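> First, the structure itself, so that you have it in front of you.
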Amino acid sequence: AAKCIKGDRKAPYTIGWANIYSVPTWMKQTQGTIEAEVETLKKQGLVDKLVVTDAQGDANVQIQQIQSMIDSDVDAIILIAGSSTAPARVIADACAKGIAIINFDSLVDTDQVTAKVNTDSSQWGDQAAKFLIDAIGGKGKILILNGPAGVSVSDDRRKGADAELKAHPDVTVLAETNTPYNVAPAQEAVTSLLFANPEIDGILSLGGALSAGAVLALDKQGRDQVPITGENARQFLELWKEKGLKSWATMQPNWLGAFAAYTAVQALEGKDVPAFVKIPLPVIDNSNIDEYLARAKDFPADGYIYSPYDEELFKKLLAQK
Amino acid sequence: MAPLLAARGVSKSFFGNPVLRDVSIALQPGRVHALLGENGAGKSTLINLLSGALRPDGGTIEVDGRAVARMTPALARQAGIAVVQQELSLTASLSIAENIGLGAYPKRFGLVDYSALAARAKAACELVGLHEPLSTPVGQLPLGRRQMVEIAKALYRKPRVLILDEPTSSLSATETKILTDLLERLRSEGIAILYISHRLNEVMKLCHHVTVLKDGICTADRSLEGTDAAGLVRLMVGRDPGDLFPQWRPSPSPATAISVRDFSAGLMRDVDLDIRTGEVLGIGGLVGQGQEDLLLGLYGAIPARTASATVNGAPGLPGGVPRANALGLAYVPADRKREGLHLIHTITTNMMLPAFARLPALKLRSRRAERETARGLATQLGIKGDLARQAQALSGGNQQKVALAKWMPHDPLVLLLNDPTRGVDVETKREIYLMLRAFAAAGKAVVLLSSDTPELVHLCERVAVVREGRIAAMLERAALSEEAIVSAAMGAENRKVAA
Amino acid sequence: MTGWKDSAGGRRVMAILSSRPFLTVAIVAAVWIAASFASRGFGAYGHLRYLVELGAVIGLVAAGQTFVVIAGGIDLSVAAIVTVSAISLPLLSWQADPTGLAPVLAVLALTTIIGLVNGLGVALLRVHPMIMTLAMATFLQGLLIIIAGGSAVTAENPLVHWLGNARPAGIPAGVLLWVAVSMIVLTVMHATPFGARIFAMGANPLAAALSGVPVTSTTLAVYGISGFTSGLAGVLVLGMNGQGYVGIGDPYLLASIAAVVLGGTSILGGLGTYAGTIPGAILLVTITALITVVNASPGWRSILFGSLILGLLLLSGREQARR
Amino acid sequence: MSTVSSARPAGALYWPVQARRNIGVRSLFLVVLAFLIAYGFLFPGLFSASGFAKFTQSWFPLALVAMAQAILMLTGGISLAIGPTVSLGAVIAATTMAGPLGVTGGAAAVALTGLGIGAATGFIVVRLRLPAIVVTLAGSFIIGGAALLILPRPGGAIPEWLSDLLAGDTPTAFVLLVAIVLLWKLYLATPLGLSLYAAGENPVGAYRSGVPVDAARVAAYAISGLLSTGAGLFVAAQTGSGDPVIGAAFTLNSIAAAVLGGIGFLGGQGTMRGALAGSLLLSLMISVMFFLGFTPVAQYVAQGLIIIGAVAIPQFRKVQ
Ligand SMILES: Nc1ncnc2c1ncn2[C@@H]1O[C@H](COP(=O)(O)OP(=O)(O)OP(=O)(O)O)[C@@H](O)[C@H]1O
Ligand SMILES: Nc1ncnc2c1ncn2[C@@H]1O[C@H](COP(=O)(O)OP(=O)(O)OP(=O)(O)O)[C@@H](O)[C@H]1O
Ligand SMILES: [Mg+2]
Ligand SMILES: [Mg+2]
């Protein structure tokens, strides 16, 4: 059996979904995929209840809520961690109690989990840097936009870009900035940077809605658009099309949530699941952006257009070694 | 013999305005020294210099005949100087005992020694006749009792020099008696006492020596031997005084302004009361029997119930302050700092507030008109000071005048006054009394809650004496005397009625 | 020679020169001049214009906040209200109204009502303003879960777009809006009885009530105003970003409070002016912009930001002693 | 012993004073008690040693920051830097304790940092007469920046035994909390501690009475800093590591807990027991709502209602 699993849990299972913050749109969409998956599993008689908590962004509250899940003896916990270190101990407790734990998106530095499910943040940064350096012809001046400081995901993505940047000494980093993964602060920061730096050849944006903010800033200041990296935020993809950008985007698929729920049940059912399921980073470029935009109306205006998924995909992902 | 505490030629100015000029004073052991002067003459400033709360611009402070380089509150305490400020230094959330010991707690192992504190605080309380449990938070005490705590706090420190700044202004007659007896005893034990008061009969009874300040200059420093009250006033104002109380004349054809039946509010229970136009109705009694709740209930500031009521012709109680104002009621609180004034705002703004409260919310203000109104009021009531300054820079008496003045432009039909002459100098008192009588003569009603019994006797048509939340006696003009009020307040009247 | 300082006019000039709003303006100017030497492009007209435009959003939120703080309260729900405004406006973009005014008015009505509910809690339930508005912010989070992402409509509102992007006579429409709001706010605050009541309530609520100030309705109005200006800020920020999102209002909570206090308004209530908040808001965006272009690690940038605020506060911020 | 009137022994002053201070927070106590009972009912495991241990562990850091905020508010101050100070405490603990300094050295470093930051803040606020709210707002960026410099991303480590001691299955946190409350009572029984109230409510009067007002206020800031970094140390132990932004939510929560507990903004109003009850309510609420099966939307709405209710209900009673 998989890690943390003890034989005495029987279907239908109760799944706890320890969300860190349910208000942001990305989280809402993710929750949507989890709920849809749970509905499916309910029909199969495998799940009877989904318990949802919302830590309101506070890692300490999340610990308390996971503790409550342990206390109420849920069968599985799926979680996005509010801190890459903080929940480690409570998760180890849960694991010791035989609760299946599937950690996705923001990961915890502990191996006391059934499985971790995520894309590779470091690869994220590396590929983004590759594209950008390519797009500006191997030399030039760039800005780097990154998510909040002190958080593992943004730090990993940034570190992932380091090797490429080092390998190209002709690429000068004019400035780096950290803001929340949101449009307004990114737009603000980039505008200031635009004034301070008359020549900019490219923008290495490491996620979320940062890219949309940067594009808006260039547009509003009447500057020519430059090559830029990004994620599958709907606003960014629409701007990309509208402005004819030279861009590349990847994504953190929202269906990681659905997949985590699926994996939890598989593990509880006695299947072996890999300790780490690496989700390949889907790439959006000019070749397939239209496919994404064609589905745009199914997604919230400030949401993320994620790639399609189904059980086949999940099975394939679980089967990989 | 060297004076225990003395000031030699001290001067002090605030923002360039001289408040004290070359003033000297010497406090001798075993003597009660009066410090007199009109509001704003500089009395409080002088004691602040003596006690180290303020530093003089020039001159020296001497303790036991030796000049002190730099007087501070800490040094003053070490030298055995204690100051009774008017409820200024108390902390509402601390208990009586904790307040009394504040800044000088007895210690054991570095901790406050609560048993020693209790014993010493109790002794101090007994001296001033405070019998509330020592654990009572001071915030729950009425003003007069707080004043007694403040005095007990000074005594707790076993002072050699005791300075009292208007200690009696919020005390009832009984409490005043306790205090004067106490001071007499302390004096005989060799303590030097500096006593500030605007109640001249107290000064006459108690004090032996007087220093008079006028506009920051010492105009007299002499023995009180052979001086009468009129002489004192002459020293203070520099001319012959008139009678303190105006001639009483019956007002014409009274009608009912306010009438309540079975009225209850706060401590007050089942009150039947008619307030007539053209009269000054006094409210007397020991402090804290519910008198204030009666006024506040009528004014709509605290919830009140009544069987039936009419207020200036309208049925029912106002139920809220704006409505009460609209019905022509105005209220002047006793605790001017907390309830009457906006200390951080200018005097002009303070005076205009009732107008702001009733004008249409978005009508444009006219600063010029406001300044003129304020200037008019200041002249009318003799308020000294730059009207564009914050109200907290005014001396206590002048603050009181501002609290009263702000209602004048609104020509209220009924004035509810809560101890309006507290801390007010004799001249101003006279002016206020004249105003009140004139007000009544103009066919309006005045309700005067006062702790100053002579005031009630000389000004009022009738006095309602309140005891334990009920009107214990309603004394008509013919029956008015200080003795009658005091005995009704103590419950003597009740027994007579019951018998 | 006693000099002109002692003449009446001279004294007034001195009073203005030493007032907090003026000091804050002077500091903003000094920071701008220093920054334009230190950092290329900082002094460019376009950049300053952009900073003022950013300041407009903070300034609008801080307008309501100034009223509330002067009245002796505080509004911790402004960020959530900005977000609610920016999120719900696209949901309302109905076709019938070609100008886009109707949905904007509807959203402003909504946010004003939210503010009024804050006021009700503070005035009638006597809940501490901090608790009431914090609880309101929590409520609104719940509301956002329900309404956010509920529809795929983008903000195709012409009025909103105009506000966020147009530059009549070279001046951003948002700045014009801010100027208009500022003039109204300053007038209401300093030239009407309503304004005087607010100052009185903040300085001494008990004395104000006993002087006949209608405390309940004034409190309601103050929080209503805060809801309204936050809603307006939400509309503006929506226009500037072309898209609302959850969290769009988050930066404005601390920023509005900081702008108010940097502008010299006492957090204890009763003293202050919006005239100080205006440069306070611009000062904040200026410092933020300055920090952005400094190339340092996040930790150092944060330290620099805090030190700058502290340093500027030392220049201007002595709190008046009060009893 | 002599007269009847002095029948109440003088030594019995301390307890009546304490009892009087409960009056303002009685209804909050009732609300908290109701929640505790509900919690015990929904989750009987609470009464086991480890259940109780976990429960106090999740409350403990919030209790400390509520105290840290309350002590400032009692002096008429406030801090917006509590959260970053907690983070700083956590990263210092996580970078020193498993290193050369060891647990003792690390704890000393944490304590000294807290005291130092607090005293410095207090000095700026008190001696330079700057408004506490902006000073601490600026301080929050400086302190938060320092935490990021020490630990740019979550990491570090706390010795396993310490984590187990503080946040294992034994109620050490509860014992610690009791000890801290006793220390607080002890401090309040010192002249300097008792002056807090006077210095907060009536600084001028207190000064004239000989209270070292400035010292009392600076000391309050120092103690507040110590409590905050202490909370950070505990969080680090609880999580076994450091996180430079772990404390972010504590700033607002500490204020909410203190105000909920009846601490006023003008200084001198309220009691520490109220602030503790406020923090307990905030913490309990989370678990109780979980066991009642609330959805996130319901959690937000209920949380708002509970907070308002806990403050408004006593008001209603007062009016009637
Ligand atoms: N801190 C201050 N700032 C400005 N002016 C002040 C200050 N303190 C006192 N004054 C002014 O100094 C004068 C003297 O004030 P002081 O309080 O000494 O008068 P007083 O004799 O005690 O009056 P009262 O009888 O009303 O108590 C007043 O005009 C007052 O306005
Ligand atoms: N703004 C101020 N700042 C500092 N000290 C002041 C200020 N205003 C007044 N004072 C000083 O404090 C003293 C005491 O103030 P307070 O208002 O109690 O006057 P007071 O005359 O003693 O009043 P009362 O007679 O009612 O006791 C004032 O007389 C003055 O010397
Ligand atoms: Mg005086
Ligand atoms: Mg006086």
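Including glycine, each Cβ sits where the backbone N, Cα and C put it.
As listed in TrEMBL for this protein:
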- C:21-38: transmembrane segment (TRANSMEM)
- C:50-71: transmembrane segment (TRANSMEM)
- C:78-96: transmembrane segment (TRANSMEM)
- C:102-125: transmembrane segment (TRANSMEM)
- C:132-155: transmembrane segment (TRANSMEM)
- C:175-199: transmembrane segment (TRANSMEM)
- C:252-271: transmembrane segment (TRANSMEM)
- C:278-294: transmembrane segment (TRANSMEM)
- C:300-317: transmembrane segment (TRANSMEM)
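I would like each feature placed in context: is it buried or exposed, what are its neighbours, and how far apart are things?
Distant neighbours of the transmembrane segment (C:78-96): 61, 64-65, 102-104, 106-108, 110-111, 114-115, 136-137, 140-141, 143-144, 147-148, 150-151, 153-157, 160, 226-227, 230-235, 237-238, 241, 244-253, 256; these residues of the same chain sit at least 6 beyond its ends, with a Cβ under 8 Å from one of its Cβ atoms.
Nonlocal intrachain contacts for the transmembrane segment (C:102-125), taken as residues 6+ away from its ends with a CB within less than 8 angstroms of a stretch CB, comprise 64, 73, 75, 77, 81, 84-85, 88-89, 92-94, 96, 132-133, 135-136, 140, 157, 159-160, 215-216, 219-228, 230-232, 234-235.
Outside the transmembrane segment (C:252-271), and at least 6 residues removed from its termini, the chain residues within Cβ reach (under 8 Å) are 19-21, 23-24, 57-59, 61-62, 65-66, 69-74, 76, 78-79, 82, 199-204, 230, 233, 277-281, 283-284, 309, 312-313, 316-317, 319-320, 322.
Long-range contacts of the transmembrane segment (C:278-294) within the same chain, counting only residues at least 6 positions beyond its ends with a Cβ under 8 Å from a Cβ of the stretch, are 21, 24-25, 27-28, 31-32, 35, 39, 42, 47, 51-52, 54-56, 58-59, 62, 182, 255, 258-264, 301, 304-305, 308-309, 312.
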> Six or more residues beyond either end and a Cβ under 8 Å away: which residues meet both conditions relative to the transmembrane segment (C:21-38)?
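48, 262-264, 273, 275-276, 278-280, 282-283, 286-287, 290, 312, 315-316.
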> Please report, as numbers and ranges, the same-chain residues at least 6 past the borders of the transmembrane segment (C:50-71) whose CB is under 8 Å from any CB of it.
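Tertiary neighbours of the transmembrane segment (C:50-71) are 78, 82, 115, 129, 172, 174-175, 177-178, 181-182, 185, 189, 198-199, 201-202, 218-219, 222-223, 225-230, 232-233, 236-237, 240, 252, 255-257, 259-260, 263, 265-267, 269-274, 277-278, 280-282, 284-286, 289.
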> Under 8 Å between C-beta atoms and at least six residues away from its ends: which parts of the chain pack against the transmembrane segment (C:300-317)?
20, 23-24, 27, 31, 258, 261-262, 264, 283, 287-288, 290-291, 294
